Amino acid sequence: MAINIRKTHPLLKIMNHALVDLPAPSNISLWWNFGSLLGLCLIIQILTGLFLAMHYTADISMAFSSVVHICRDVNYGWLIRNIHANGASLFFICVYLHIARGLYYGSYLYKETWNIGVILLFLLMATAFVGYVLPWGQMSFWGATVITNLLSAFPYIGDMLVQWIWGGFSVDNATLTRFFAFHFLLPFLILALTIIHLLFLHETGSNNPLGINSDADKISFHPYFSYKDLLGFFVMIFFLAVFALFMPNLLGDAENFIPANPLVTPPHIKPEWYFLFAYAILRSIPNKLGGVLALLFSIFILMLVPLLHTSKQRSTIFRPMTQIFFWLLVANSIILTWIGGQPVEQPFIMVGQIASISYFSLFLIIMPLTSWWENKILSLN
C-alpha cells in the first residue's frame with residue numbers, strides 16, 4: 001500500500017488535520033464561512049501592504065506625495081492602493097459578521113477561542129488606526145491628534161504617555177515613523193494569533209447552528225467545506241473588485257485628499273466608518289476619562305459575554321425573546337455607527353447617549369435577564 005505523504009509528513013500532517021481531514025459538523029451554515037474569509041482578507045492585506053511599503057516614504061514632507069506617486073507612477077499602484085484601502089473595510093465587515101455569528105449561536109462558550117478573538121479584534125483596530133495615519137492627509141493628521149490625545153485623560157501619567165507616543169510635543173515626523181513601523185509589524189502578530197485562535201478552535205471542534213454536540217455527525221472539511229468556502233472567496237473578491245474599481249473612495253473621507261495642515265482643523269473630525277460605533281460611545285459621555293473607558297469597554301465587553309451566559313441552551317435558535325434583543329443590538333450598533341459620523345449637536349447627542357446606554361444595557365442586563373426568564377418558562381413545562 002502506498003504511503004500517504006499528506007498523513008505522515010511532520011509538516012503536512014499539521015496542515016492536513018487543520019484543512020483537509022478536519023472533522024466538521026455536517027450542518028454548519030454560510031455563517032461559518034467568515035473565518036476563512038478573514039484569513040483571505042488578512043493575506044490580501046499583507047500582500048498589498050507589502051507592495052505599498054516598497055514605494056511609501058514614512059516622512060511628513062514626502063508621505064502624501066509618495067502615496068500620489070504610488071497611484072500615478074507605479075505599475076498598477078492605484079489598484080494595489082484601492083484594494084488595500086477597501087480590503088480594510090471588507091475585513092471589518094467580515095469581522096463584525098463573524099462576531100455576530102458567535103453571539104447568535106453561542107460560540108463564545110469556547111472561552112479561549114473567543115477571548116483570543118477579542119484580542120485579535122483589538123489588534124486589528126490598532127493596525128487600522130495607525131494605517132489610516134500613513135497617507136498624511138488632513139483626516140490622518142487630525143484623527144491621530146484627537147485619538148492619541150485621549151490617553152491624556154488617564155490621571156498622573158496621561159500627558160507623559162501622549163508625548164511618549166508622539167515622540168515629541170505634537171504629532172510629527174517621529175509619530176509617523178513609529179506608526180509605519182507598527183502598521184508593518186502588527187499584521188504579522190495578527191497572523192500568529194490567528195494560528196493560536198485556530199489551535200484552540202480545533203481543540204474543541206466547531207460549534208453548529210443547533211448549539212449541540214455534533215460528534216455523532218461529522219464530515220471531513222475537504223471537499224465539502226473547502227468548496228463551500230471557495231464560493232465565499234469568489235463572492236468576496238467580486239465585491240472587493242467592484243469597490244476597488246468602480247467606487248474606491250466611497251468609504252473614505254474626502255478630507256484626506258488634502259495634505260495634512262496643523263494650522264487648519266477640518267469641520268468634522270471622524271475616524272473611518274468601522275470605528276464610528278465606538279467613537280459615538282466615546283462622544284456620548286461628557287467626561288473625558290469616562291468616555292475613554294467607555295470606548296475601551298465597548299470592545300472588551302465581548303470578553304464578559306461568556307460569563308453573562310445564563311441560558312440552559314447554547315444557541316439562540318430556539319430562544320425567540322433573546323433573538324429579538326440580539327437584533328435590537330444589531331440595530332443599535334448601526335444607529336451608533338450613523339451617530340458617530342454626525343456633527344456634535346442636537347438631536348444627535350441625545351440619540352447617541354440613548355444608543356450608548358442601550359448598547360451596554362443589552363449586553364450586561366437585558367440579555368442575561370431574558371435568558372434567565374426563558375429558563376423559567378421552559379421549566380414550567
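All residue numbers here begin at 1 and follow the chain in the order shown.
Glycine is treated like the rest: Cβ placed from N, Cα and C.
Annotation source Swiss-Prot lists transmembrane segment at 34-54 (among others).
Among the features that Swiss-Prot reports, transmembrane segment is placed at 78-99 (among others).
When secondary structure is read from DSSP and collapsed to three states, His183 (heme b b562 binding site) falls in the helix class. Other Cβ atoms within 10 Å of the Cβ of His183 (heme b b562 binding site), summed over all protein chains shown, number 22. The annotation heme b b562 binding site is assigned in Swiss-Prot to His84, His183 on the grounds of similarity to another entry.
The Cβ of His98 (heme b b566 binding site) has 20 neighbouring Cβ atoms from other residues within 10 Å, across all protein chains displayed. Residues or ranges marked as heme b b566 binding site by Swiss-Prot: His98, His197.
Residues or ranges marked as transmembrane segment by Swiss-Prot on the basis of similarity to another entry: 114-134 (among others).
Remote same-chain residues near the transmembrane segment (179-199) are listed as 18, 38-39, 42, 45-46, 49, 53, 56, 58, 113, 116-117, 119-120, 123-124, 126-127, 130-131, 133-134, 144 (criterion: CB distance under 8 Å, separation of at least six residues from the stretch ends). Here Swiss-Prot flags 179-199 (among others) as transmembrane segment, drawing on similarity to another entry.
Marked as ubiquinone binding site by Swiss-Prot on the basis of similarity to another entry: His202. Taking a C-beta cut-off of under 8 Å and a sequence gap of six or more, His202 (ubiquinone binding site) has these contacts in its own chain: His17, Ala18, Leu22.
Nonlocal intrachain contacts for the transmembrane segment (227-247), taken as residues 6+ away from its ends with a CB within less than 8 angstroms of a stretch CB, comprise 30, 33-34, 36-37, 40-41, 44, 79, 82-83, 86-87, 89-90, 94. Residues annotated as transmembrane segment in Swiss-Prot: 227-247 (among others).
According to Swiss-Prot, the transmembrane segment annotation covers 289-309 (among others).
If you look up Swiss-Prot, you'll see 321-341 (among others) marked as transmembrane segment.
The feature transmembrane segment is assigned by Swiss-Prot to 348-368 (among others), with similarity to another entry given as support.
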Long-range neighbours of the transmembrane segment (34-54), counting only residues six or more past its ends (CB under 8 A): 70, 80-81, 83-84, 87-88, 90-91, 94-95, 97-98, 101, 183-184, 187-188, 190-191, 194, 229, 232-233, 236, 240
So if I draw a 10 Å sphere around the Cβ of His84 (heme b b562 binding site), how many other Cβ atoms end up inside it? 21
Rounded distance in angstrom between the Cα atoms of His183 (heme b b562 binding site) and His197 (heme b b566 binding site): 21
My understanding is the cutoff is Cβ-Cβ under 8 Å with a sequence separation of 6 or more in the same chain; which residues meet that for His197 (heme b b566 binding site)? Thr113, Ile116, Gly117, Leu120
